[in-house]
Structure formats: structure tokens, C-alpha cells
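Here's the structure, in C-alpha cells; my notes come after.
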Amino acid sequence: MSLQMITVSNNMALIQPGFSLMNFDGQVFFFGQKGWPKRSCPTGVFHFDVKHNHLKLKPAVFSKDSCYLPPLRYPATCIFRSSLESEKHQYIIHGGKTPNNELSDKIYVMSIVGKNNKKVTFRCTEKDLVGDVPEARYGHSIDVVYSRGKSMGVLFGGRSYIPSAQRTTEKWNSVADCLPHVFLVDFEFGCSTSYILPELQDGLSFHVSIARNDTIYILGGHSLANNIRPANLYRIKVDLPLGSPAVTCAVLPGGISVSSAILTQTNNDEFVIVGGYQLENQKRMVCNIVSFEDNKIEIREMETPDWTPDIKHSKIWFGSNMGNGTVFLGIPGDNKQATSEGFYFYMLKCAEDDVNEDQKTLTNSQTSTEDPGDSTPFEDSEEFCFSAEACSFDGDDEFDTYNEDDEEDESETGYWITCCPTCDVDINTWVPFYSTELNKPAMIYCSHGDGHWVHAQCMDLEERTLIHLSEGSNKYYCNEHVKIARALQTPKRVLPLKKPPLKSLHKKGSGKILTPAKKSFLRRLFD
């Protein structure tokens, strides 16, 4: 396992706990940003482009027949194929929180309708449900099972706001566990049916779910009512005959106590569980391998990554599954400083180095903890679960995204660069200069021309100036371009129009004084 730090060149403030990732043919897309989408990206969906440990978020577009997709945080997502043999897939999105902290009960279907080397066009449609409709929730899971040539969605767990009759001003945002019901959802006809299974006694949230053919495995989770993380391992089997579906549940030994973990798939029969929590405000630093053989599941611990001191000491962490055994992790920065760079990001590779770099960096996932701005540093009610399907592993990247015109000068996008003729920042000798710096030098973006990054220390910026420039969208010009920028912004000087004095308004050579009527006429003319 290898752990590498990731730098983000733009839109870093959008990556907050609660976002989700979708993978289409090796390309990862981000949605669930903090706040409502802006004019620069009305869809709120971005291409999650990682090259050479450098991340760029590029806006994506929707087709004209798409519905509006709000920036949902903490939804449940899964891959949906018409059959196990189908190569094309869609994403199902259910529930989640809106920027107004309202919970959604809607189902959205995301698919790609067009793509080229420059952009990808999505179609987003809303699916109406009838029958036993699941209530609005978050912290749940949704998966797809396949049986007898048919498919069905399986929804379980989560948390919802307490009933409106019990909500008061002080407890308006209080949440409770959803009932431990299992919902079967027919995505084709929009029918939903609820099932009560005696083995499921608690409405577990933030659990790990794995789908394999006609079976769903539920691992861990947290019960808000009991405030425990039992070492659960449930097997939910769904049979889809011509008549009514048959749903059964069995309790298996060998479970683990974990919540808000990230699940990534390394091959067709093996998954890796990363992160999560074992107690309130106590991260779970152990990683587990989940392997399947002859319909038997085995969970065992694996060698842990070489966690950095920043990750070890942080109280919270969150992340997403990038696919092919790669996990995207985030930790909070220095909470004592009001900087725009509130998080630091890492990429953890769990898979073996037997595939090329393009195949290894990319699928779908969600995140773990609530936005620190909305809650305490960590609360169980703000955890989130991760799910994946065994059929979601796709080692072949059929879409070649390389384009020579898209290549950029990476020497001017990283932190370890020569930003100016007097730059003396050295990766081998660098030490923190500002109190806001953690493990990389502070940088500021010069807005001249196409823009470029410079080290704040090399520009002789005071820390309060650096923080002020980082808080908003203020334009900044480095020492080399500030004079040029000022010249461009300063309007050309225009000499004022001179007015001749009235005493000179007489006929030349005549020596005669102008009459009052002529003086009045000339005064109006020059004024």
C-alpha cells in the first residue's frame, strides 16, 4: 500500500465531507459540493482529474432533457446495469442532504449521453416511486442484485429527522435511526416494497454494504439508539422468481465493528475496507481485506499503510473510493486559522502495481463525516457509509482521454517549484514559515495572464495578508507582475478641457467690448 499527498489546483473549497464520486469507463466525476452550484458550473458535477498527484476539477455539462440535480451530500449511490453482462451502466442516487440541511427522498438516475476528449455530457432523470416509498434519509446504502435474469435495488438503514410533531426549535435538526426495514425497488417500473426481517433489529447507519449477484452483505454500522457499533455481518439474499420476490437474512460470524468506512475493490473477488471509526472521535486505523470464494466471505486484517503524523493526529477524516483499489482521503487543516485551504488530501493505493497508472486511479464512492461547519468535529449522527458492487470493477479503460493539447506545464502547478528568480524554497530543507502551513509551503495565485502559482514566503507576504487574500476571490499579482497589472488597470490620463476666460472674449483688433447678449451666447456655448 502506498500513500501520496494530492494537491488541488482549483475549486478546493468545494471538496467538503459529504461529496460523492462516480466512475464512468475509468473517468471519475465529483458531485455533492458545498453550497448551491454557481454560474461557472450550473450542474454542480465536475470531472475529477488526477495527474501526477495533482487534482483538477473541470465542470461537466448536462443534456437539455435533464432534470435539476441538487448538490446532495451523504446520499446513497450504486451502479446499475440492465444485466450482469451489460458493459454500459448508470448511477442510482438516493437521499442525502441539500445545502439547506433538508433531506431528500428522491431517486435520480445519472448516465452519459455523449463524450469526447474535451467534455462529457450527462443526462440526469428523476424516478418516481409508488408503493412503500422509503422516507427521506442519509447514512444508508443502496445496492443492486441480479437473480433469474432480473434486477432489483436493495435499500437499507440510514437516519432521518425526527417526526415533525416531535420537532422543536431546539431539536429541529435532531435525527433518529430509520426503522430496520429492507426496501426492494424496481427501477424499471418505479415500484417499492418494504420487508421486515427478524434478524435485523436495529436501523443501522454508516455501515459497509457489498453486492454480489443476488446477495447483499452488511458489515458494521452504528446504532444511534444504543450508541454502539456491533460487529455485525448480515447476508441478505434476494430471489426474483416470476411471482413475488423472496427476501431472507442470515447472521454470519466474523463481522467487524466499524462505521463510516471506505470500501474499494481490488479484483473481482476481493475488497479492502479503509478508514472509519471504532469509537466516537476515535478513528479506526486498521485496514481489512474482504475476500469471496465459493459464496463464502472471509474478513481479515491487512498490513496498514504508513500513515503520516497528520492523519494519525487528526480527529476526523473522510474519503471516497476512486476505483481499482485506490482511495481518496481528506483530513482537516489547522482549525485555528481561517484559511480557505481547510483540508489536506491524500491518495491511498491498495492494489498491486500490476496495471498501468491510468487504470489504477479511478470508481464510485461517498464520504464519511459531516461538514464541520454544521456540527461538532465528529458525531455519530453525521457519519456516512460506503457501498460497492462486485460487478463494478472494470479494469479496461475503453475511453482514451489523452490529448496533446490538454497537456499543461506541471512545473508550474505543484508546490515544489521555482516560482520567481529569487525563489529559495527547497523540498529537502523546507520548514514551516507561516503558522497556517502544515506540511507544504503556502502558495498564492497570481492573476496576471493565464495565472500562475507563487510561494507566499518568496513574495514577502505577511501572514495576515496571506489569510486575507485566501479568504475571498481577490485578485493578487506577484512582485514581477504587479507593475504590469497596475498599468493595465490604470486608465489613461485625459487632460481637462480648458475654458477661455470671459475677459478674453472680444473681437481681436477691434478693441471693442462685446455686448452683454454676445457674452451670454458665448458663455452658454463654452459651458
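Every residue gets a Cβ built from N, Cα and C, even glycine.
These come from TrEMBL:
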type: BINDING; residues: CYS419, CYS423, HIS455, CYS458; note: Zn(2+) 1 binding site
type: BINDING; residues: CYS446, HIS452, CYS478, HIS481; note: Zn(2+) 2 binding site
type: COMPBIAS; residues: 361-370; note: compositional bias 'Polar residues'
type: COMPBIAS; residues: 371-380; note: compositional bias 'Acidic residues'
type: DOMAIN; residues: 414-491; note: domain 'Recombination activating protein 2 PHD'
type: REGION; residues: 359-380; note: region 'Disordered'
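If you measure from the Cα atom of CYS423 (Zn(2+) 1 binding site) to that of CYS478 (Zn(2+) 2 binding site), you get 12 Å.
Sorting the binding-site residues HIS452, HIS455, HIS481 by the number of other Cβ atoms within 10 Å puts HIS455 first. Within the same chain, residues at least 6 positions away in sequence whose Cβ sits under 8 Å from that of CYS478 (Zn(2+) 2 binding site) are CYS419, CYS420, ILE444, CYS446, HIS448, HIS452, VAL454, MET459.
Cβ proximity to the Zn(2+) 2 site centre (mean Cβ of CYS446, HIS452, CYS478, HIS481, cutoff 8 Å) flags the following additional same-chain residues: TYR445, SER447, HIS448, GLY449, GLY451, VAL454, TYR476, TYR477, GLU480.
In sequence order, ILE417, THR418, CYS420, THR422, ASP424, VAL425, VAL454, GLN457, MET459 are the residues of the same chain, not among CYS419, CYS423, HIS455, CYS458, whose CB sits within 8 A of the CB centroid for the Zn(2+) 1 site. For the pair CYS458 (Zn(2+) 1 binding site) and HIS481 (Zn(2+) 2 binding site), the Cα-Cα distance reads 14 Å. Averaged across the domain 'Recombination activating protein 2 PHD' (414-491), pLDDT in this predicted model comes to 78.
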